[in-house]
Structure formats: C-alpha cells, structure tokens
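Features reported for this protein in TrEMBL:
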- R39, R45: NADP(+) binding site (BINDING)
- R130, S131, S132, N251, A252, G296, K311, P312, I313, P314, T315, R337: FMN binding site (BINDING)
Amino acid sequence: MRYLTAGESHGKQLTTIVEGIPALMPLTTENINHSLLRRQKGHGRGKRMQIEKDLVDIAGGVRHGYTLGSPIAMVVHNDDFKHWIDIMGEDPVESDVDIRRKVTRPRPGHADLNGALKYGHRDMRNILERSSARETAARVAAGAVAKTMLSHLGIEIIGYVNEIAGIKADEKPDLSVTEKTEISEASPVRCLDEEAGQKMMDAIDQAKKDGDSIGGVCEVFVEGIPAGIGSYVHYDRKLDGRIAGAVQSINAFKGVEFGIGFEAARKNGSEVHDEITWSEENGYYRKSNRLGGFEGGMTTGMPIVVKGVMKPIPTLYKPLQSIDIDSKEVFNASIERSDSCAVPAAAVVMEHVVAFEVAKAILEQFPHDQFPKLQAALDQYREEVRCF
Ligand SMILES: Cc1cc2nc3c(=O)[nH]c(=O)nc-3n(C[C@H](O)[C@H](O)[C@H](O)COP(=O)(O)O)c2cc1C
Ligand SMILES: C=C(O[C@@H]1CC(C(=O)O)=C[C@@H](OP(=O)(O)O)[C@H]1O)C(=O)O
C-alpha cells in the first residue's frame, strides 16, 4: 500500500493515487470529503481557506461505493487557481508576465532558499508552490481512504491539539476516540480542554495582531489496534519508526514523541515501563500506557498515543531579515498571504498520515486482495492474541 501526490498550491488541482487497497471495501466520496473539510477548519488560518472548499473527485478505483482493487485516483481542485491562471499556467509565457509575482527574497523557515539552491530556480515561486502545505490536502485524501479501512476493521483514530504557544491542555487519556472526537470537533482549536482552548484562541489573535505566528503540539490517539502489529526484525519494519517518519514529514513538524516521550529520559525504568496483566475477557493488557502503545516496534494492544511538535508558521507579516537573491542586498523576506497558526489543521493532517501508516502495516501483516478476507483474518488474529 503506497501513495503519491502531485500538484502546486495555486495550480489547477491536487492529485492523489493510492495503491494496494483491497477490493470490495466500502468507500464513498463522503468518507474523503468529511476529512478534507475537517482539515480546512481551525482558528488562525488565513484568507485562503475562505476561497477553497475542498471536495474530492474520485477519478478511478471505486465503483458503486466499493473499491475495485485497482489504484484509487483522487482529485481536489484549487478554487484559487482562477486568480492565478496567468501565473501558474503550464505553457510558456512572455517574460514580463511571471515577473509580477517573482519571489526573490527567501523566507527564513520556509523551503524557499534551500529549494532554489537545489533546483536552480531563480524565481522561488517554483519552490513555494510545491513546498506549501496545500499538499497536505492531498495527503489527507490518501489518509481518509486508510481511515475508512481502519474503521471497517474496528480501529478508530483522532487527532487534536494539546498545546499552542505554551498554553497546555489538561490531558484526558481515559476518553474514548468517540468522546475525544465529539469534544475536539466542537472546539475552534480542536482542543479537549475548553478553558485552555479559549486561551489558545486569544494567543492566536494576539500573534495575528502582532504580525507574528505561533506553533504547538498535536496528539493522535488510535484505539482498537491489536498487539503485535509492526515488527522488531528490521529497522524499516518498526511501526513506531514509520509513524515517526510520517509525522515528521508534515510541513513545519519538528519532533515526535510516543507516550511520555522525552520525559522518559528523566525517569527511572520503574516509572516508565507498563506492567503486564491479564484477564479472561481481554487477554493481556497493561496497567498504564506510558510508552504510547509500542514496544519493540510493535503495538502492545494499548492505544497508540503519538505527539508531534509544529513550529510557528515561517511567513511573517512582520518579516525577518533576508537577502534578495538577485541584488544580494539585505531585505525583509517576502510576504505571502499566510496563516498565523495552523496547529488545529495540522492535527487533522497528523491523524491522516498516522492512519495511513497503521493501515499499511496491517495490510503487510495480513495481505489480502479482498477486503472481507482481511476482516476475517484480523478477527481471527484478535482471537488468537486474546487466547494466547
Ligand atoms: C496545515 C498547514 C498550514 C500551513 N500554512 C502555512 C502558511 O500559511 N504559511 C507558511 O509560511 N507556512 C505554512 N505552513 C508551514 C510550511 O508549509 C512549512 O514550514 C514549509 O513547508 C517548510 O517546511 P518545514 O517547516 O517542514 O521545514 C503550514 C503547515 C501546515 C501543516
Ligand atoms: C493552501 C493551504 O495552506 C497554505 C499553506 C501555505 C504554506 O506555505 O505552507 C501557505 C498558505 O498559502 P496561500 O499563500 O495560498 O494562502 C496557506 O494557505 C491549505 O492548507 O490548503
């Protein structure tokens, strides 16, 4: 199971191809649109989200509400493209046309300068168009297919915000995915703690007023996954490693933690490891979940709890110093229309990239071309684990 995305931020469309989903799995445009629309919400986003209404056009791999087993092709149109046709068209243009929005002053923290040095583009629009987190809409489309698959396998997943600009939410580890979903969906910052959420909104408003930006911490919680998914036998089969890579690859993410994460460095082993216990009804389970659902690159059967740190948005309305790559003079960096905080949207992106890695690991462990056979294999495995 793999996916590819293509498309520029202000180009015609984003394209996603997901390969490896078994045939006969129920899948609708509504499953994907629900995720896309959730990604667009959140206090702190800029004007672009008022222009776009992300809706998927499934262009292959699904018929009459079921997957065919062939690649699933999905398109999300950029409504903003109509404002950029002369700048983003694929055909050659007169030189004075593209000069109007030529970007020559790289923004510290964005991909502009390194991308220009690497690809040799002297108009850094050619970099920012693809390095933009607009691409995360395409990733969410892929993740929504994975999320649908997991849901049909009894595995539920939700992403929410734990912290913005140093304001921390009270963690609520005992809530189920359903409860966490209900609360976070009702919060403009996707936070489970209403009081902290209000303070986060104030901090976002202040940052916007100051022409500045702020970051935060997102958490993803996965429930219903049996023990033993992933593997310890090779570095690239460790599921926690794959999830960490996927989370770190989200634009502006700078770190990943499972369970108590970096706090483990400051504690004794007796305060970190999760004691093993057993019951007739549930088989083995843990008294705590400080390791976030992983041992040896494999799931423990406890919920997966993973956090990702998002840095503040690089584009600042009060820009930092930069150098114009044509004149080599000191300037303030370019200002592109921008979000002041995208942590709530990023929580939805994180939820979907984690979903993809979990679904991929399950399919590797139970390879089936027909979805009902995958369901039966996982049910049987759950029973084996329970009775072990
Ligand atoms: C949902 C989301 C929205 C973002 N919006 C913006 C934005 O409006 N302006 C901006 O400069 N960066 C934004 N970013 C962050 C940049 O895309 C990111 O910092 C850039 O691609 C450089 O990559 P890096 O930060 O991972 O090194 C956003 C990121 C996410 C996940
Ligand atoms: C378009 C999206 O996010 C964009 C991500 C982004 C960036 O630099 O990463 C910059 C902004 O683009 P624009 O200048 O067109 O407003 C955001 O709006 C989106 O999330 O769909």
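Placement of Cβ uses the backbone N, Cα and C atoms for every residue, glycine included.
Annotations in TrEMBL come from automatic prediction, not curation.
Here the features listed in TrEMBL are placed on the structure.
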{"residue": "R39", "record": "NADP(+) binding site", "Cβ contacts under 8 Å, 6 or more apart": "D54, T136, A137, V140, A345, V348, V349, H352"}
{"residue": "R45", "record": "NADP(+) binding site", "Cβ contacts under 8 Å, 6 or more apart": "D339, C341, A342, A345"}
{"residue": "R130", "record": "FMN binding site", "Cβ contacts under 8 Å, 6 or more apart": "E8, S9"}
{"residue": "S132", "record": "FMN binding site", "Cβ contacts under 8 Å, 6 or more apart": "E8, S9, N251"}
{"residue": "A252", "record": "FMN binding site", "Cβ contacts under 8 Å, 6 or more apart": "A133, G215, M310, K311, I313, P314, A342, A346"}
{"residue": "T315", "record": "FMN binding site", "Cβ contacts under 8 Å, 6 or more apart": "R107, H110, S213, A333, I335, E336, S338"}
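Within the set R130, S131, S132, N251, A252, G296, K311, P312, I313, P314, T315, R337 that the record links to FMN, no two Cα atoms are more than 44 Å apart, and one pair reaches that distance. Ligand 1 lies under 6 Å from the Cβ of A252, out of the binding-site residues R39, R130, A252. Candidate binding-site residues: R45, R130, S132, A252, K311. Those with a Cβ under 6 Å from ligand 2, in sequence order, are S132.
In the structure shown, across all protein chains, I313 is the one of the binding-site residues K311, I313 with the greatest number of other Cβ atoms within 10 Å. In the three-state DSSP classification, R45 (NADP(+) binding site) falls within coil. For the recorded site, R130 (FMN binding site), the DSSP three-state label reads helix. DSSP assigns I313 (FMN binding site) to coil in the three-state reduction, outside any helix or strand. In the three-state DSSP scheme, A252 (FMN binding site) is classed as coil.
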